[in-house]
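> The annotation transmembrane segment is assigned in TrEMBL to 37-58, 79-98, 110-128, 140-160, 180-203, 215-238, 265-287.
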Amino acid sequence: MNRFLFYLILVNTLTNMVSLTPRILIAGSTSGTVLSLILALPIGMVFTYIIISLFSHFPGQGLPEILKSYTPKWISTPVLLFFALCWYFAGLTTLIIYTFIISRFLTPEMSIYTIVLTFAFVVSYGILMTTRNILYMIEIVFLLVIPFIFFIQIKGYLSASLNWDYVRIAVMHINHLPDYQAFSASLFIVIGIANLVIFNRYFTKLKKPTGKGMALLTLICTFIVLTTYFLPIGFGGFDSLENVLYPWITTADSIRMKFGVIERIVFIFMGAFLALSVISMTIHWHVSIQLLSSVIHFKRLQWRAYNFTILLFITCFW
């Protein structure tokens, strides 16, 4: 499997560790979250295999090019507009969540508008980059932050503060039928490959995923998803996290590096995930902008070789 496919999937998977996903999973801990996780993982991997296999038949083409070639306009236009809205709201959700995280935990005295404008400046620059450059940016940021995130997760599992009895209690609720919200949240974590609707334009020689590649991806996603749910319970208790808005922030603050330069590991944790959040928003809104521009294109905004339609969309986004 191409390494960029791993990045697209894992950025989406890791970003949701700090969003509202853990809260949704913990809220359904007594009503089917465990079985929802067990079902969502294989279903997500099947979707991943199917999506990669389908797009491998159309090298160098995104969903707009495929639909315009094989479907009438009255079908392709509403489909592309619907997907554009889906990706826009996915990016907007990430923006709202991480804005409140920064405001609450890092800069409580800073105006929330200042935080949003900072995100707006950085993400808008990323949106205007080419698909190829965005993929390289993803690789750079991913390789910089993934060692810290992996270290924090392993540090959590080795911590003396982790109470495995709480984890066992959570596992004991496997007999409940799947919870719809928990299943949807779990499935959303592992379907980052859907970004191929635009990013497939870069892959001119995309091949079907190999068995080894899918096995490795399944192991990584399983570890991340189970860690997302069980580790906060192990630190905070099974019944004590119902009113905690961001369980993973609390969990990271429970982990200490006694002899480290920074004792409170939560600052490293939040810095790494803020970098991932910017990448996630850039991916989602880049896809949304490209889908919109494939349907709506204003010729009056053409100036020489450049069309300002995309800038109009970015302005509307904010």
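Glycine residues also receive a Cβ, built from the backbone N, Cα and C atoms like all the rest.
Source: prediction; values computed, not measured.
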> Between the transmembrane segment (215-238) and the transmembrane segment (110-128), are there three or more C-beta pairs closer than 8 Å, counting only pairs 6 or more apart along the chain?
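Answer no: the transmembrane segment (215-238) and the transmembrane segment (110-128) share fewer than 3 Cβ pairs below 8 Å.
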> Among the recorded stretches 37-58, 180-203, 265-287, which has the greatest number of Cβ pairs closer than 8 Å to the transmembrane segment (79-98)?
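Answer, by Cβ pair count: 265-287.
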> Using a Cβ cut-off under 8 Å, which residues of the same chain at least 6 positions beyond either end of the transmembrane segment (110-128) come close to it?
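Beyond its ends, the transmembrane segment (110-128) has Cβ neighbours at 91, 95, 98-100, 102-103, 134, 137, 278-279, 281-282, 285-286, 289, 310, 314, 318.
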